[in-house]
Amino acid sequence: MIRAKILRILLFLSFTTLVIGPLGMIPIDIPGVNIYLADIVLLLMIVVWIMNIFPLINLLKKEGILFSVLPFMSIALFSLIFSPIILTLQEKAIAFLYFIRFVCYFFYYITVVYLLKLKILKKSEIIHGLTISGLLLATFGWLQYFFYPDLRNLFYLGWDPHYKRIFGSYLDANYLGIILTLTLTLLFIKYKSKAGIWLARFGIFLTLMFTYSRSSYLALTVAGIIYLFAKGKVNLLKYLILVIFVSALILPRPSGESVKLERVFSLEQRLINWEQGFRILSQYPLVGIGFNTVRFAKFQYGYLESDYMTNHAGAGFDNSFLFVGVTTGLIGLAGFIYFLGKIYQRGGLLTKITLGSIIVHSLFLNTLFWPWVLQWLMLITAIDVKDDK
């Protein structure tokens, strides 16, 4: 029971790292490797599980959701070990570390399910933890908007040059946007419509609009569509779209390309990014080039320059499914879609909206593999999915 209580403490500590995000990066002198406070908390959680190995084994035997991801994980590991591109031992080690990180994030799911079974954790505590995290992110976002509106000075470190838009502690308006969308989903589904809740909903919505993230607007629209269809309120759909559209139109437009919703530069860059991905996929269609070896492949293909080890966009593609296809091939992609399908099939309304909005967002960024989105998805899945093998 003591170990279970430690897991509970670490779980709640992870909400803090969810708010801190990339700002919690721990400086290490290994190019291409980023370690965050979130990784440390997760590592401590896994250490506790190693000391609690027999309950872990029993839990793994019963959780069908975990079994559904095994085909994808197997192909991902196979593709990395037998990568067709030339990689140094260090490059393979770096790619393997990120594969391990991906696997480790499923321990959020395992931990929550375990603590729920022991009745020392309530589902409402996860809901409140995520909601408070989203509200704190929005608050920090507004502080950043007024006191640090220009991220262009960090462009040399590989961050996007956001200007006069909310990007918060994530240093990325698009990823903050999807987390705010998920927070708004919680506020509508899990909380009664009281005055304070409506104020929180409005605050999150306003913050989301000030990210100027078109992919997040689309994710919010899809979340609303799923919700309204599930509630039999399809007639309200036109009002949802109208509110989002009008809100986007009346947003302030300070100078700078990044706040122009009609901007085409980012679209052009994304099309180039997709073209590069499909070109690599066409050469290695079955099992891909190896999980998380994109950075090295891009450099070999001449798509990245000498900063390829530090460029934040270098490790993936602006589409999670393209990323999976390139790195694990069409076989891995089929396994990945199967896993997501199982979550959607067994999930309640909250899971369906969460996964649906993330999937839409991931068509334009590598959202499904962004650590803090993956953490959110695992926590929601753990409390809202009926798991029958």
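Glycine too: its Cβ is placed from the backbone N, Cα and C atoms.
The following features are taken from TrEMBL:
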type     : residues : note
TRANSMEM : 35-57    : transmembrane segment
TRANSMEM : 64-87    : transmembrane segment
TRANSMEM : 93-115   : transmembrane segment
TRANSMEM : 127-147  : transmembrane segment
TRANSMEM : 167-189  : transmembrane segment
TRANSMEM : 201-230  : transmembrane segment
DOMAIN   : 204-337  : domain 'O-antigen ligase-related'
TRANSMEM : 236-256  : transmembrane segment
TRANSMEM : 277-301  : transmembrane segment
TRANSMEM : 321-341  : transmembrane segment
TRANSMEM : 353-373  : transmembrane segment
Taking the transmembrane segment (127-147) as the first stretch and the transmembrane segment (201-230) as the second, find out whether 3 or more Cβ pairs fall under 8 Å, excluding pairs closer than 6 in sequence. yes
Six or more residues out from either end of the transmembrane segment (236-256), which same-chain residues have a Cβ under 8 Å from its Cβ atoms? 163-164, 205, 209-210, 212, 217, 220-221, 224-225, 228
For the domain 'O-antigen ligase-related' (204-337), the DSSP residue counts stand at 87 helix, 0 strand, 47 coil
Which bits of the chain, at least 6 residues beyond where the transmembrane segment (353-373) starts or stops, bring a Cβ under 8 A of a Cβ in it? 18, 21, 36, 38-39, 101-102, 105, 170, 174-175, 177-179, 181-182, 185, 189, 214-216, 218-220, 222-223, 226-227, 270, 316-321, 323, 340, 343-344, 347, 380
At least three Cβ pairs under 8 Å linking the transmembrane segment (64-87) and the transmembrane segment (201-230), pairs spaced 6 or more in sequence? no
Quick test of the contact rule: Cβ under 8 Å, at least six residues beyond the ends. What residues does that give for the transmembrane segment (201-230)? 134-135, 138, 141-142, 145, 165-167, 173-174, 176-178, 180-181, 183-185, 187-189, 236-237, 240-241, 244, 247-248, 251, 258-259, 261, 349, 352-353, 356-358, 360-361, 363-365
